[in-house]
Amino acid sequence: MGGHEGFSNQRLSSATWFSHFRASALRSKSLPPPSSQTAVRSTSADSLVRRLGLFDLILLGVGASIGAGVFVVTGTVARDTGPGVTISFLLAGASCVLNALCYAELASRFPAVVGGAYMYSYSAFNEITAFLVFVQLMLDYHIGAASISRSLASYAVALLELFPALKGSIPLWMGSGEELLGGLLSLNILAPILLALLTLVLCQGVRESSAFNSVMTATKVVIVLVVICAGAFEIDVANWSPFAPNGFKAVLTGATVVFFSYVGFDAVANSAEESKNPQRDLPIGIMGSLLVCISLYIGVCLVLTGMVPFSLLSEDAPLAEAFSSKGMKFVSVLISIGAVAGLTTTLLVGLYVQSRLYLGLGRDGLLPSIFSRIHPTLHTPLHSQIWCGIVAAVLAGIFNVHSLSHILSVGTLTGYSVVAACVVALRLNDKKERESANRWTSNWQEGVIFLVIIACSGFGAGVFYRFSASVIFILLSVGVAVVASAVLHYRQAYAQSLGSGFSCPGVPIVPCVCIFFNIFLFAQLHYEAWIRFVVVSVLATAVYALYGQYHADTSTLVYQRAPETESDS
(Lines of atoms letter the chains of each structure in order from A and count residues from 1; the text may use other names and numbers.)
(Lines give C-alpha, C1' and ligand atoms only; values in the text may rest on other atoms or scores of the structure.)
Protein backbone atom coordinates (compact mmCIF):
# COMPACT_ATOMS: atom_id res chain seq x y z
CA MET A 1 0.00 0.00 0.00
CA GLY A 2 2.75 2.40 1.01
CA GLY A 3 4.67 1.46 -2.14
CA HIS A 4 1.62 2.27 -4.24
CA GLU A 5 1.25 5.69 -2.57
CA GLY A 6 4.94 6.38 -3.08
CA PHE A 7 4.67 5.53 -6.78
CA SER A 8 1.60 7.79 -7.11
CA ASN A 9 3.39 10.66 -5.36
CA GLN A 10 6.36 10.17 -7.67
CA ARG A 11 4.08 10.32 -10.72
CA LEU A 12 2.38 13.41 -9.35
CA SER A 13 5.75 15.03 -8.69
CA SER A 14 6.93 14.25 -12.21
CA ALA A 15 3.72 15.63 -13.68
CA THR A 16 4.08 18.80 -11.59
CA TRP A 17 7.69 19.27 -12.70
CA PHE A 18 6.79 18.75 -16.34
CA SER A 19 3.88 21.19 -16.06
CA HIS A 20 6.20 23.79 -14.53
CA PHE A 21 8.81 23.17 -17.23
CA ARG A 22 6.22 23.50 -19.98
CA ALA A 23 4.77 26.70 -18.50
CA SER A 24 8.25 28.19 -18.07
CA ALA A 25 9.47 27.19 -21.53
CA LEU A 26 6.44 28.78 -23.22
CA ARG A 27 6.79 32.12 -21.44
CA SER A 28 7.41 35.06 -23.73
CA LYS A 29 8.88 38.46 -22.97
CA SER A 30 6.67 41.53 -23.05
CA LEU A 31 8.63 44.66 -23.93
CA PRO A 32 7.37 48.24 -23.63
CA PRO A 33 7.07 50.60 -26.64
CA PRO A 34 10.38 51.88 -28.11
CA SER A 35 10.07 55.33 -26.49
CA SER A 36 9.60 53.75 -23.07
CA GLN A 37 12.51 51.37 -23.61
CA THR A 38 14.84 54.24 -24.45
CA ALA A 39 13.74 56.29 -21.46
CA VAL A 40 14.11 53.38 -19.03
CA ARG A 41 17.57 52.31 -20.23
CA SER A 42 18.86 55.85 -20.48
CA THR A 43 18.15 56.57 -16.82
CA SER A 44 18.84 53.14 -15.36
CA ALA A 45 21.96 52.74 -13.21
CA ASP A 46 22.79 49.39 -14.84
CA SER A 47 22.51 50.69 -18.40
CA LEU A 48 25.20 51.00 -21.02
CA VAL A 49 26.16 54.42 -22.37
CA ARG A 50 24.76 55.73 -25.67
CA ARG A 51 27.85 56.78 -27.58
CA LEU A 52 27.55 55.15 -31.02
CA GLY A 53 26.49 57.34 -33.93
CA LEU A 54 25.42 56.22 -37.40
CA PHE A 55 28.96 56.24 -38.81
CA ASP A 56 30.17 54.16 -35.84
CA LEU A 57 27.44 51.59 -36.48
CA ILE A 58 28.28 51.29 -40.17
CA LEU A 59 31.96 50.79 -39.35
CA LEU A 60 30.95 48.23 -36.72
CA GLY A 61 29.09 46.18 -39.34
CA VAL A 62 31.88 46.50 -41.91
CA GLY A 63 34.46 45.65 -39.25
CA ALA A 64 32.59 42.46 -38.37
CA SER A 65 32.13 41.31 -41.98
CA ILE A 66 35.24 42.21 -43.96
CA GLY A 67 38.15 40.10 -42.72
CA ALA A 68 41.02 38.27 -44.35
CA GLY A 69 38.41 36.42 -46.42
CA VAL A 70 38.25 39.28 -48.91
CA PHE A 71 41.85 38.45 -49.88
CA VAL A 72 41.43 34.65 -49.85
CA VAL A 73 37.82 33.50 -50.28
CA THR A 74 37.33 35.50 -53.48
CA GLY A 75 40.21 33.66 -55.13
CA THR A 76 39.51 30.16 -53.84
CA VAL A 77 35.89 30.29 -55.01
CA ALA A 78 36.94 31.84 -58.33
CA ARG A 79 39.02 28.72 -59.07
CA ASP A 80 35.74 26.77 -59.33
CA THR A 81 33.35 29.40 -60.66
CA GLY A 82 35.63 31.51 -62.84
CA PRO A 83 34.67 35.18 -63.27
CA GLY A 84 31.16 34.03 -62.30
CA VAL A 85 32.35 34.39 -58.68
CA THR A 86 31.05 37.95 -59.06
CA ILE A 87 27.55 36.55 -59.54
CA SER A 88 28.10 34.25 -56.55
CA PHE A 89 28.83 37.26 -54.35
CA LEU A 90 25.84 39.12 -55.83
CA LEU A 91 23.47 36.22 -55.07
CA ALA A 92 24.83 35.76 -51.55
CA GLY A 93 24.69 39.52 -51.01
CA ALA A 94 21.09 39.67 -52.20
CA SER A 95 20.17 36.90 -49.77
CA CYS A 96 21.90 38.75 -46.93
CA VAL A 97 20.06 41.95 -47.88
CA LEU A 98 16.77 40.11 -47.33
CA ASN A 99 18.01 38.85 -43.96
CA ALA A 100 19.19 42.37 -43.14
CA LEU A 101 15.71 43.77 -43.88
CA CYS A 102 14.29 41.42 -41.23
CA TYR A 103 17.00 42.42 -38.76
CA ALA A 104 16.41 46.10 -39.53
CA GLU A 105 12.71 45.91 -38.66
CA LEU A 106 13.33 44.14 -35.37
CA ALA A 107 16.26 46.39 -34.45
CA SER A 108 13.96 49.38 -34.98
CA ARG A 109 11.15 47.72 -33.04
CA PHE A 110 13.39 46.87 -30.05
CA PRO A 111 15.87 49.74 -30.19
CA ALA A 112 16.94 49.95 -26.56
CA VAL A 113 17.67 46.39 -25.45
CA VAL A 114 20.67 44.13 -25.95
CA GLY A 115 20.30 40.58 -27.16
CA GLY A 116 19.68 40.66 -30.91
CA ALA A 117 18.25 37.38 -32.19
CA TYR A 118 17.93 36.07 -28.63
CA MET A 119 15.74 38.99 -27.55
CA TYR A 120 13.65 38.94 -30.73
CA SER A 121 12.82 35.24 -30.37
CA TYR A 122 12.08 35.74 -26.64
CA SER A 123 9.40 38.26 -27.56
CA ALA A 124 8.04 36.57 -30.71
CA PHE A 125 8.11 32.96 -29.54
CA ASN A 126 9.09 31.76 -26.07
CA GLU A 127 11.79 31.38 -23.47
CA ILE A 128 13.14 28.00 -24.49
CA THR A 129 13.46 29.05 -28.15
CA ALA A 130 15.36 32.17 -27.10
CA PHE A 131 17.73 30.17 -24.90
CA LEU A 132 18.41 27.63 -27.67
CA VAL A 133 19.13 30.44 -30.14
CA PHE A 134 21.58 31.98 -27.66
CA VAL A 135 23.46 28.72 -27.05
CA GLN A 136 23.79 27.89 -30.76
CA LEU A 137 24.96 31.42 -31.55
CA MET A 138 27.36 31.49 -28.63
CA LEU A 139 29.09 28.27 -29.64
CA ASP A 140 29.67 29.78 -33.09
CA TYR A 141 31.05 32.95 -31.51
CA HIS A 142 33.37 31.17 -29.08
CA ILE A 143 34.87 28.79 -31.65
CA GLY A 144 34.94 31.55 -34.26
CA ALA A 145 36.81 33.94 -31.94
CA ALA A 146 39.39 31.29 -31.12
CA SER A 147 39.84 30.38 -34.79
CA ILE A 148 40.13 34.01 -35.92
CA SER A 149 42.69 34.77 -33.20
CA ARG A 150 44.84 31.88 -34.46
CA SER A 151 44.57 33.16 -38.03
CA LEU A 152 45.45 36.64 -36.79
CA ALA A 153 48.52 35.24 -35.02
CA SER A 154 49.62 33.52 -38.24
CA TYR A 155 49.15 36.67 -40.32
CA ALA A 156 50.95 38.77 -37.69
CA VAL A 157 53.92 36.40 -37.77
CA ALA A 158 53.92 36.45 -41.59
CA LEU A 159 53.97 40.24 -41.45
CA LEU A 160 56.86 40.24 -38.98
CA GLU A 161 58.82 37.82 -41.17
CA LEU A 162 58.84 40.42 -43.93
CA PHE A 163 61.76 41.84 -41.94
CA PRO A 164 64.88 39.84 -42.91
CA ALA A 165 66.16 39.71 -39.31
CA LEU A 166 63.03 37.84 -38.16
CA LYS A 167 62.46 35.58 -41.14
CA GLY A 168 62.47 31.93 -40.07
CA SER A 169 63.33 32.71 -36.45
CA ILE A 170 59.81 32.89 -34.97
CA PRO A 171 58.81 29.56 -33.35
CA LEU A 172 55.65 27.67 -34.33
CA TRP A 173 54.02 28.22 -30.94
CA MET A 174 53.89 31.93 -31.74
CA GLY A 175 52.18 31.51 -35.12
CA SER A 176 50.32 28.53 -36.51
CA GLY A 177 50.74 26.47 -33.33
CA GLU A 178 52.99 23.64 -32.17
CA GLU A 179 51.35 20.22 -32.00
CA LEU A 180 51.60 18.25 -28.76
CA LEU A 181 50.51 14.74 -27.71
CA GLY A 182 50.30 13.53 -31.27
CA GLY A 183 48.20 16.44 -32.46
CA LEU A 184 45.66 16.19 -29.64
CA LEU A 185 46.72 19.64 -28.44
CA SER A 186 48.15 22.56 -30.37
CA LEU A 187 50.04 25.13 -28.29
CA ASN A 188 49.79 28.77 -29.31
CA ILE A 189 50.95 31.69 -27.17
CA LEU A 190 50.39 34.69 -29.43
CA ALA A 191 46.66 34.09 -30.03
CA PRO A 192 45.71 34.33 -26.31
CA ILE A 193 47.91 37.43 -25.96
CA LEU A 194 46.08 39.12 -28.84
CA LEU A 195 42.73 38.13 -27.32
CA ALA A 196 43.77 39.57 -23.96
CA LEU A 197 44.77 42.88 -25.59
CA LEU A 198 41.48 43.19 -27.49
CA THR A 199 39.50 42.25 -24.37
CA LEU A 200 41.34 45.00 -22.51
CA VAL A 201 40.37 47.49 -25.23
CA LEU A 202 36.72 46.43 -25.01
CA CYS A 203 36.71 46.70 -21.22
CA GLN A 204 37.77 50.35 -21.42
CA GLY A 205 34.43 51.43 -22.80
CA VAL A 206 32.43 51.58 -26.01
CA ARG A 207 33.95 54.93 -27.01
CA GLU A 208 37.50 53.57 -26.89
CA SER A 209 36.67 50.26 -28.56
CA SER A 210 34.61 52.02 -31.24
CA ALA A 211 37.48 54.40 -31.97
CA PHE A 212 39.90 51.47 -32.27
CA ASN A 213 37.49 49.60 -34.55
CA SER A 214 36.97 52.71 -36.67
CA VAL A 215 40.71 53.20 -37.24
CA MET A 216 41.34 49.53 -38.09
CA THR A 217 38.24 49.25 -40.29
CA ALA A 218 39.12 52.45 -42.15
CA THR A 219 42.63 51.05 -42.68
CA LYS A 220 41.45 47.81 -44.25
CA VAL A 221 38.79 49.54 -46.39
CA VAL A 222 41.40 51.96 -47.74
CA ILE A 223 43.72 49.02 -48.50
CA VAL A 224 40.93 47.16 -50.32
CA LEU A 225 40.18 50.28 -52.36
CA VAL A 226 43.88 50.66 -53.21
CA VAL A 227 43.95 47.01 -54.29
CA ILE A 228 40.91 47.53 -56.52
CA CYS A 229 42.25 50.74 -58.07
CA ALA A 230 45.76 49.34 -58.63
CA GLY A 231 44.45 46.11 -60.10
CA ALA A 232 41.98 47.88 -62.39
CA PHE A 233 44.89 49.00 -64.59
CA GLU A 234 46.05 45.39 -65.01
CA ILE A 235 42.71 43.92 -66.11
CA ASP A 236 42.58 41.96 -69.34
CA VAL A 237 38.91 41.59 -70.32
CA ALA A 238 39.78 38.41 -72.23
CA ASN A 239 40.14 36.72 -68.82
CA TRP A 240 36.39 37.25 -68.24
CA SER A 241 35.50 34.89 -71.07
CA PRO A 242 33.96 32.41 -70.51
CA PHE A 243 32.27 34.11 -67.58
CA ALA A 244 30.88 30.92 -66.00
CA PRO A 245 33.04 28.09 -67.38
CA ASN A 246 31.59 25.43 -65.09
CA GLY A 247 27.94 26.44 -65.45
CA PHE A 248 25.38 28.03 -63.19
CA LYS A 249 25.44 25.21 -60.64
CA ALA A 250 29.05 26.07 -59.81
CA VAL A 251 28.03 29.71 -59.43
CA LEU A 252 25.19 28.74 -57.09
CA THR A 253 27.47 26.48 -55.06
CA GLY A 254 29.90 29.38 -54.86
CA ALA A 255 27.10 31.58 -53.50
CA THR A 256 26.51 29.11 -50.65
CA VAL A 257 30.24 29.28 -49.81
CA VAL A 258 30.66 33.06 -49.92
CA PHE A 259 27.41 33.71 -48.02
CA PHE A 260 29.39 33.54 -44.79
CA SER A 261 31.69 36.31 -45.98
CA TYR A 262 28.84 38.72 -45.30
CA VAL A 263 28.03 37.46 -41.82
CA GLY A 264 28.52 40.22 -39.28
CA PHE A 265 25.92 42.87 -40.07
CA ASP A 266 23.82 41.49 -37.20
CA ALA A 267 26.47 42.90 -34.84
CA VAL A 268 24.86 46.30 -35.39
CA ALA A 269 21.59 45.04 -33.89
CA ASN A 270 23.44 43.93 -30.76
CA SER A 271 24.66 47.49 -30.15
CA ALA A 272 21.09 48.78 -29.65
CA GLU A 273 21.56 49.95 -26.08
CA GLU A 274 24.71 51.90 -26.95
CA SER A 275 23.35 53.66 -30.02
CA LYS A 276 22.58 57.38 -29.74
CA ASN A 277 19.48 57.21 -31.95
CA PRO A 278 18.75 53.48 -32.23
CA GLN A 279 15.33 53.55 -33.87
CA ARG A 280 16.65 55.62 -36.78
CA ASP A 281 20.31 54.55 -36.96
CA LEU A 282 20.15 50.78 -36.44
CA PRO A 283 18.28 49.95 -39.70
CA ILE A 284 20.52 52.33 -41.68
CA GLY A 285 23.63 50.91 -40.00
CA ILE A 286 22.63 47.33 -40.81
CA MET A 287 21.78 47.99 -44.45
CA GLY A 288 24.59 50.50 -45.00
CA SER A 289 27.34 48.22 -43.71
CA LEU A 290 26.06 45.33 -45.83
CA LEU A 291 25.95 47.42 -49.02
CA VAL A 292 29.52 48.61 -48.40
CA CYS A 293 30.65 44.98 -48.02
CA ILE A 294 28.84 43.90 -51.23
CA SER A 295 30.52 46.71 -53.19
CA LEU A 296 34.00 45.84 -51.90
CA TYR A 297 33.63 42.11 -52.57
CA ILE A 298 32.38 42.63 -56.13
CA GLY A 299 35.22 45.08 -56.86
CA VAL A 300 37.84 42.59 -55.64
CA CYS A 301 36.25 39.75 -57.65
CA LEU A 302 36.26 41.73 -60.89
CA VAL A 303 39.88 42.83 -60.42
CA LEU A 304 41.16 39.40 -59.42
CA THR A 305 39.52 37.46 -62.26
CA GLY A 306 40.48 40.19 -64.73
CA MET A 307 44.16 40.22 -63.78
CA VAL A 308 44.85 36.48 -63.92
CA PRO A 309 43.05 33.59 -65.67
CA PHE A 310 40.95 31.87 -63.00
CA SER A 311 42.67 28.50 -63.60
CA LEU A 312 46.04 29.99 -62.58
CA LEU A 313 44.88 31.48 -59.26
CA SER A 314 46.73 30.39 -56.13
CA GLU A 315 44.81 28.50 -53.44
CA ASP A 316 46.48 30.00 -50.36
CA ALA A 317 47.02 33.67 -51.24
CA PRO A 318 45.37 34.26 -54.63
CA LEU A 319 45.18 38.04 -54.48
CA ALA A 320 48.72 38.57 -53.18
CA GLU A 321 50.23 36.24 -55.78
CA ALA A 322 48.17 37.82 -58.56
CA PHE A 323 49.77 41.19 -57.83
CA SER A 324 53.21 39.62 -57.39
CA SER A 325 52.90 38.08 -60.85
CA LYS A 326 52.36 41.58 -62.23
CA GLY A 327 55.47 42.90 -60.49
CA MET A 328 53.48 44.78 -57.83
CA LYS A 329 54.92 43.22 -54.69
CA PHE A 330 54.26 46.35 -52.65
CA VAL A 331 50.54 45.61 -52.99
CA SER A 332 51.18 42.16 -51.51
CA VAL A 333 52.58 43.86 -48.41
CA LEU A 334 49.47 46.04 -48.24
CA ILE A 335 47.33 42.92 -48.50
CA SER A 336 49.12 41.38 -45.51
CA ILE A 337 48.52 44.57 -43.49
CA GLY A 338 44.87 44.62 -44.62
CA ALA A 339 44.45 40.99 -43.56
CA VAL A 340 45.79 41.76 -40.08
CA ALA A 341 43.51 44.81 -39.78
CA GLY A 342 40.54 42.84 -41.10
CA LEU A 343 40.95 39.94 -38.68
CA THR A 344 41.54 42.34 -35.80
CA THR A 345 38.23 44.15 -36.32
CA THR A 346 36.34 40.91 -36.95
CA LEU A 347 37.68 39.52 -33.68
CA LEU A 348 37.06 42.75 -31.79
CA VAL A 349 33.42 43.02 -32.89
CA GLY A 350 32.85 39.30 -32.27
CA LEU A 351 34.02 39.62 -28.66
CA TYR A 352 31.90 42.75 -28.27
CA VAL A 353 28.74 40.99 -29.47
CA GLN A 354 29.34 37.99 -27.22
CA SER A 355 29.52 40.12 -24.08
CA ARG A 356 26.26 41.92 -24.94
CA LEU A 357 24.46 38.62 -25.44
CA TYR A 358 25.70 37.36 -22.08
CA LEU A 359 24.58 40.68 -20.58
CA GLY A 360 21.06 40.16 -21.92
CA LEU A 361 20.74 36.65 -20.47
CA GLY A 362 22.21 37.76 -17.16
CA ARG A 363 19.57 40.47 -16.89
CA ASP A 364 16.82 37.98 -17.70
CA GLY A 365 18.05 35.49 -15.09
CA LEU A 366 18.73 32.69 -17.57
CA LEU A 367 22.41 32.94 -16.62
CA PRO A 368 23.96 33.94 -13.25
CA SER A 369 23.52 37.61 -12.39
CA ILE A 370 27.28 38.25 -12.51
CA PHE A 371 26.94 38.51 -16.30
CA SER A 372 24.47 41.39 -15.92
CA ARG A 373 26.74 43.68 -13.92
CA ILE A 374 27.84 46.97 -15.50
CA HIS A 375 31.03 48.60 -14.28
CA PRO A 376 30.02 51.94 -12.65
CA THR A 377 32.92 53.88 -14.18
CA LEU A 378 33.70 52.15 -17.46
CA HIS A 379 30.02 51.44 -18.26
CA THR A 380 30.86 48.08 -19.80
CA PRO A 381 29.71 44.54 -18.89
CA LEU A 382 33.14 43.83 -17.44
CA HIS A 383 32.49 40.29 -16.16
CA SER A 384 30.82 39.19 -19.41
CA GLN A 385 33.62 40.68 -21.48
CA ILE A 386 36.37 39.03 -19.45
CA TRP A 387 34.56 35.69 -19.52
CA CYS A 388 34.30 35.81 -23.34
CA GLY A 389 38.01 36.62 -23.58
CA ILE A 390 38.97 33.77 -21.25
CA VAL A 391 36.90 31.15 -23.12
CA ALA A 392 38.33 32.19 -26.50
CA ALA A 393 41.89 32.37 -25.10
CA VAL A 394 41.71 28.84 -23.65
CA LEU A 395 40.34 27.42 -26.90
CA ALA A 396 42.90 29.28 -29.02
CA GLY A 397 45.82 28.55 -26.71
CA ILE A 398 45.67 24.77 -26.50
CA PHE A 399 43.42 23.47 -29.30
CA ASN A 400 43.62 23.43 -33.08
CA VAL A 401 40.23 25.11 -33.43
CA HIS A 402 40.55 25.28 -37.22
CA SER A 403 39.63 21.60 -37.19
CA LEU A 404 36.24 22.59 -35.76
CA SER A 405 35.45 24.92 -38.66
CA HIS A 406 33.12 22.38 -40.27
CA ILE A 407 30.67 22.63 -37.34
CA LEU A 408 30.56 26.43 -37.47
CA SER A 409 27.77 28.54 -39.03
CA VAL A 410 25.03 26.41 -37.44
CA GLY A 411 24.16 29.16 -34.97
CA THR A 412 24.35 31.89 -37.60
CA LEU A 413 22.00 30.17 -40.04
CA THR A 414 19.51 29.11 -37.38
CA GLY A 415 19.68 32.59 -35.82
CA TYR A 416 18.99 34.30 -39.15
CA SER A 417 16.10 31.92 -39.81
CA VAL A 418 14.55 32.55 -36.40
CA VAL A 419 14.88 36.33 -36.88
CA ALA A 420 13.01 36.08 -40.19
CA ALA A 421 10.31 34.00 -38.50
CA CYS A 422 10.10 36.58 -35.70
CA VAL A 423 9.09 39.26 -38.20
CA VAL A 424 6.09 37.18 -39.33
CA ALA A 425 5.14 36.06 -35.81
CA LEU A 426 5.26 39.57 -34.36
CA ARG A 427 3.28 41.01 -37.26
CA LEU A 428 0.60 38.37 -36.59
CA ASN A 429 0.47 39.39 -32.93
CA ASP A 430 0.12 43.04 -33.95
CA LYS A 431 -2.98 42.50 -36.06
CA LYS A 432 -5.96 44.42 -34.81
CA GLU A 433 -8.44 42.54 -36.94
CA ARG A 434 -7.76 38.87 -37.35
CA GLU A 435 -9.52 36.61 -39.79
CA SER A 436 -11.19 33.44 -38.52
CA ALA A 437 -8.90 30.45 -38.20
CA ASN A 438 -9.57 26.72 -38.04
CA ARG A 439 -11.21 25.37 -34.92
CA TRP A 440 -8.13 23.58 -33.72
CA THR A 441 -5.60 26.35 -34.16
CA SER A 442 -5.17 30.11 -33.90
CA ASN A 443 -3.87 32.46 -36.58
CA TRP A 444 -0.51 32.78 -34.82
CA GLN A 445 -0.13 29.01 -34.46
CA GLU A 446 -1.18 28.49 -38.07
CA GLY A 447 1.48 30.95 -39.18
CA VAL A 448 4.18 29.16 -37.16
CA ILE A 449 3.16 25.80 -38.66
CA PHE A 450 3.61 27.12 -42.20
CA LEU A 451 6.97 28.66 -41.27
CA VAL A 452 8.12 25.24 -40.03
CA ILE A 453 6.92 23.68 -43.30
CA ILE A 454 8.99 26.22 -45.27
CA ALA A 455 12.05 25.47 -43.14
CA CYS A 456 11.64 21.71 -43.69
CA SER A 457 11.22 22.30 -47.44
CA GLY A 458 14.44 24.33 -47.48
CA PHE A 459 16.30 21.54 -45.71
CA GLY A 460 14.86 18.94 -48.08
CA ALA A 461 15.82 20.96 -51.15
CA GLY A 462 19.29 21.46 -49.71
CA VAL A 463 19.81 17.75 -49.06
CA PHE A 464 18.56 16.81 -52.54
CA TYR A 465 20.85 19.42 -54.11
CA ARG A 466 23.83 18.36 -52.00
CA PHE A 467 23.56 14.69 -52.96
CA SER A 468 22.70 15.43 -56.62
CA ALA A 469 19.24 13.90 -56.44
CA SER A 470 16.77 14.20 -59.29
CA VAL A 471 15.75 17.78 -60.04
CA ILE A 472 12.14 16.63 -59.55
CA PHE A 473 12.69 16.26 -55.80
CA ILE A 474 14.27 19.71 -55.59
CA LEU A 475 11.38 21.26 -57.51
CA LEU A 476 8.91 19.41 -55.29
CA SER A 477 10.53 20.86 -52.17
CA VAL A 478 10.53 24.34 -53.68
CA GLY A 479 6.89 23.86 -54.67
CA VAL A 480 5.87 22.98 -51.12
CA ALA A 481 7.65 26.10 -49.84
CA VAL A 482 5.95 28.27 -52.48
CA VAL A 483 2.51 26.89 -51.59
CA ALA A 484 3.13 27.42 -47.86
CA SER A 485 4.31 30.98 -48.51
CA ALA A 486 1.28 31.65 -50.69
CA VAL A 487 -1.06 30.36 -47.98
CA LEU A 488 0.65 32.59 -45.43
CA HIS A 489 0.27 35.54 -47.78
CA TYR A 490 -3.37 35.09 -48.73
CA ARG A 491 -4.82 33.70 -45.50
CA GLN A 492 -3.26 36.23 -43.14
CA ALA A 493 -3.68 40.00 -43.00
CA TYR A 494 -0.40 41.47 -41.79
CA ALA A 495 -0.39 44.70 -39.87
CA GLN A 496 2.46 47.15 -40.24
CA SER A 497 5.05 46.69 -37.51
CA LEU A 498 3.85 48.58 -34.46
CA GLY A 499 6.18 51.14 -32.92
CA SER A 500 8.84 50.51 -35.55
CA GLY A 501 10.60 53.22 -37.50
CA PHE A 502 11.37 50.70 -40.25
CA SER A 503 9.15 47.98 -41.68
CA CYS A 504 10.46 45.07 -43.72
CA PRO A 505 8.78 45.15 -47.14
CA GLY A 506 7.05 42.14 -48.64
CA VAL A 507 6.03 40.38 -45.42
CA PRO A 508 5.59 37.39 -45.31
CA ILE A 509 7.28 36.58 -48.64
CA VAL A 510 10.68 38.14 -47.85
CA PRO A 511 11.02 36.36 -44.46
CA CYS A 512 9.89 33.09 -46.08
CA VAL A 513 12.58 33.39 -48.76
CA CYS A 514 15.15 34.06 -46.00
CA ILE A 515 14.12 30.98 -44.05
CA PHE A 516 14.15 28.74 -47.12
CA PHE A 517 17.59 29.84 -48.29
CA ASN A 518 19.15 29.84 -44.81
CA ILE A 519 18.01 26.29 -44.13
CA PHE A 520 19.05 25.32 -47.67
CA LEU A 521 22.55 26.47 -46.70
CA PHE A 522 22.26 24.62 -43.40
CA ALA A 523 21.82 21.42 -45.41
CA GLN A 524 25.11 22.14 -47.22
CA LEU A 525 27.08 22.08 -43.95
CA HIS A 526 29.12 19.06 -42.93
CA TYR A 527 26.96 16.31 -41.43
CA GLU A 528 28.83 16.76 -38.15
CA ALA A 529 27.28 20.23 -38.00
CA TRP A 530 23.84 18.61 -38.01
CA ILE A 531 24.92 16.35 -35.14
CA ARG A 532 26.28 19.38 -33.31
CA PHE A 533 22.91 21.14 -33.69
CA VAL A 534 21.02 18.23 -32.13
CA VAL A 535 23.54 17.53 -29.33
CA VAL A 536 23.92 21.20 -28.35
CA SER A 537 20.15 21.68 -28.38
CA VAL A 538 19.67 18.71 -26.04
CA LEU A 539 22.40 19.94 -23.67
CA ALA A 540 21.02 23.49 -23.73
CA THR A 541 17.55 22.19 -22.89
CA ALA A 542 19.01 20.30 -19.94
CA VAL A 543 20.78 23.46 -18.68
CA TYR A 544 17.57 25.42 -19.03
CA ALA A 545 15.59 22.72 -17.22
CA LEU A 546 18.04 22.62 -14.32
CA TYR A 547 18.77 26.35 -13.98
CA GLY A 548 17.09 28.77 -16.38
CA GLN A 549 13.44 27.96 -15.73
CA TYR A 550 13.84 28.60 -12.00
CA HIS A 551 15.86 31.82 -12.16
CA ALA A 552 14.24 33.74 -15.01
CA ASP A 553 13.12 37.27 -14.18
CA THR A 554 9.33 37.01 -14.44
CA SER A 555 8.59 40.72 -14.11
CA THR A 556 8.27 41.20 -17.89
CA LEU A 557 7.17 37.72 -18.87
CA VAL A 558 3.85 36.54 -20.26
CA TYR A 559 3.10 33.02 -19.04
CA GLN A 560 0.66 31.97 -21.67
CA ARG A 561 0.66 33.15 -25.20
CA ALA A 562 -2.96 33.40 -26.22
CA PRO A 563 -3.39 34.46 -29.83
CA GLU A 564 -7.05 35.04 -30.64
CA THR A 565 -8.94 31.99 -31.76
CA GLU A 566 -12.19 31.86 -33.65
CA SER A 567 -14.21 32.43 -30.51
CA ASP A 568 -12.11 35.50 -29.66
CA SER A 569 -12.33 37.09 -33.08
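Keep in mind that glycine also has a Cβ here, set from the backbone N, Cα and C atoms.
Here TrEMBL flags 502-551 as domain 'Cationic amino acid transporter C-terminal'. What TrEMBL lists as transmembrane segment is 57-78, 85-106, 151-174, 180-203, 215-235, 247-265, 286-310, 330-353, 382-401, 447-465, 471-490, 502-523 (among others).
Residues 145-146, 149-150, 152-153, 156-157, 173-174, 209, 212, 344, 347-348, 351-352, 355, 375, 378, 380, 382, 385-386, 388-389, 392-394, 396-400 of the same chain lie 6+ residues outside the transmembrane segment (180-203) yet bring a C-beta within less than 8 angstroms of a C-beta in it. Contact between the transmembrane segment (286-310) and the transmembrane segment (330-353) is not supported, since fewer than 3 Cβ pairs fall under 8 Å when only residues 6 or more apart in sequence are counted. Recorded stretches compared: 215-235, 471-490, 502-523; the one with the most Cβ pairs under 8 Å to the transmembrane segment (330-353) is 215-235. Across the residues of the domain 'Cationic amino acid transporter C-terminal' (502-551), the predicted structure has a mean pLDDT of 94. With a cut-off of 8 Å between Cβ atoms, the residues of this chain six or more beyond the transmembrane segment (447-465) that come close are 125, 417, 421, 424-425, 428, 441, 473-474, 477-478, 480-481, 484-485, 487-488, 492, 508, 512, 515-524. Only sequence-distant pairs (6 or more apart) were considered; of these, fewer than three Cβ pairs between the transmembrane segment (502-523) and the transmembrane segment (57-78) are under 8 A, so the stretches are not in contact. 215-235 is the stretch from 85-106, 215-235, 471-490 with the greatest number of Cβ pairs below 8 Å to the transmembrane segment (57-78).
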